[in-house]
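Colleague: For reference, the structure I am asking about is given below.
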Amino acid sequence: MQTAHSVAQVREHVRGWHRKGQSVGFVPTMGNLHDGHISLVREARTRCDVVVVSIFVNPTQFGPNEDFDRYPRTLDADAAALVEAGADLLFAPSVEEMYPLGQNQTWVDVDQLGDHLCGASREGHFRGVTTVVSKLLNIVQPDVAIFGEKDFQQLAILRRMCEELLFPVKIVGAATSRETDGLARSSRNGFLSESERTLAPQLYAHLQQVKTEIIGGERNYRALESRTSQSLNSTGFSVDYITIANARTLAPAGPDDTDLIVAVAAKLGSTRLIDNISLAVVRDR
């Protein structure tokens, strides 16, 4: 595996691959890699001739009171894991390389889809995500880009962005990677204390219970959200939202919606966790 720190270096590699007719898979990350990230790299490996992984902790997707400064930077360990996973190129740029004119110049913003769920409480977050991903796609020029379904809203927004801006890339969503107790793998799990880590799987357990109730015929979604939020709060979480949403629009679902996503964001101590579960329901007659 080779490592590049500049846009020019990546583009030189990409031109060489394209001349050979090789397909390029891309996995963008913020580093501190875990088994979930590695599963994305391996998915890209099965789909493409060469695989590029980026590691960049993007400042523009963090709010002023969020965890940008303490987000783990583990580049050496990450590089070793990527060699083992079969990546061909690691792109690890500086902030100055990605934002040469500063961080408040040109933005890419996807309306509506970013207004719900995490977007309602993390103003500017998805604008930062779409801006940096559009830059990365422009640099890497991949045929396929792999994202985890744990960040379902992000995945939906990036698919919309690529469709509307005519990026010649296939966006692939990979199933959420979980620990054996059901907790969705996340770099932020390392912030959890021992007691918080023991409690954390309850987030997914509550999502499963919501899914069971909907399959069983519950259609009063707002009441179900309220009950679930109260249960999580009483368990020790501080719930930001739990929403039963239309999987296409991400707006709160109604009884006539058939493709649903149940999404949750909650804090344990100072650590913010997100998760989701999808389901299809038969419309009531």
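For all residues, glycine too, the Cβ spot is worked out from N, Cα and C.
So Swiss-Prot says this about it:
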type     : residues                : note
BINDING  : 30-37, 148-151, 185-188 : ATP binding site
ACT_SITE : His37                   : active site, proton donor
BINDING  : Gln61, Gln154           : (R)-pantoate binding site
BINDING  : Gln61                   : beta-alanine binding site
Colleague: For the binding-site residues listed here, Asn32, Gln61, Gln154, Ser187, which shows the highest count of neighbouring CB atoms within 10 A?
Modeller: Gln154
Colleague: Would you mind sorting out which of His37, Gln61, Gln154 (the recorded positions) have a C-alpha within 10 A of the one on Gly148 (ATP binding site)?
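Modeller: Neighbours among recorded positions, in sequence order: His37, Gln154.
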Colleague: Sort out for me which one of His37, Lys150, Arg185 has the most neighbouring CB atoms within 10 A, since those are the recorded positions we care about.
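Modeller: The largest 10 Å Cβ neighbour count belongs to His37.
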Colleague: List the Cα distance (Å, whole number) between Ser187 (ATP binding site) and the residue listed as 'active site, proton donor'.
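Modeller: So the Cα of the residue listed as 'active site, proton donor' lies 9 Å away from that of Ser187 (ATP binding site).
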Colleague: Could you state the whole-number distance in Å separating the C-alpha atoms of Met30 (ATP binding site) and His37 (active site, proton donor)?
Modeller: 10
Colleague: Return the count of C-beta atoms lying within 10 angstroms of the C-beta of Gly36 (ATP binding site), excluding that atom itself.
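Modeller: There are 21 of them.
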Colleague: When the Cα of His37 (active site, proton donor) is compared with the Cα of each of the binding-site residues Gln61, Lys150, Arg185, which one is closest?
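Modeller: Closest by Cα distance to His37 (active site, proton donor) among the binding-site residues Gln61, Lys150, Arg185: Arg185.
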Colleague: Most Cβ neighbours within 10 Å: which of the binding-site residues Met30, His34, Gly148 is it?
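Modeller: That would be Gly148, with the most Cβ atoms nearby.
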Colleague: Nearest by CA distance to Gln61 ((R)-pantoate binding site): which of the binding-site residues is it, out of His34, Gly36, Lys150, Arg185?
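Modeller: That would be Lys150, nearest by Cα distance.
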Colleague: In whole Å, how far is Gln154 ((R)-pantoate binding site) from Asn32 (ATP binding site) when you measure between their Cα atoms?
Modeller: 19
Colleague: In Å, rounded, how far does the Cα of Gln154 ((R)-pantoate binding site) sit from the Cα of Gly36 (ATP binding site)?
Modeller: 16
Colleague: Taking DSSP three-state, what's Asn32 (ATP binding site) in: helix, strand or coil?
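Modeller: Coil, per DSSP.
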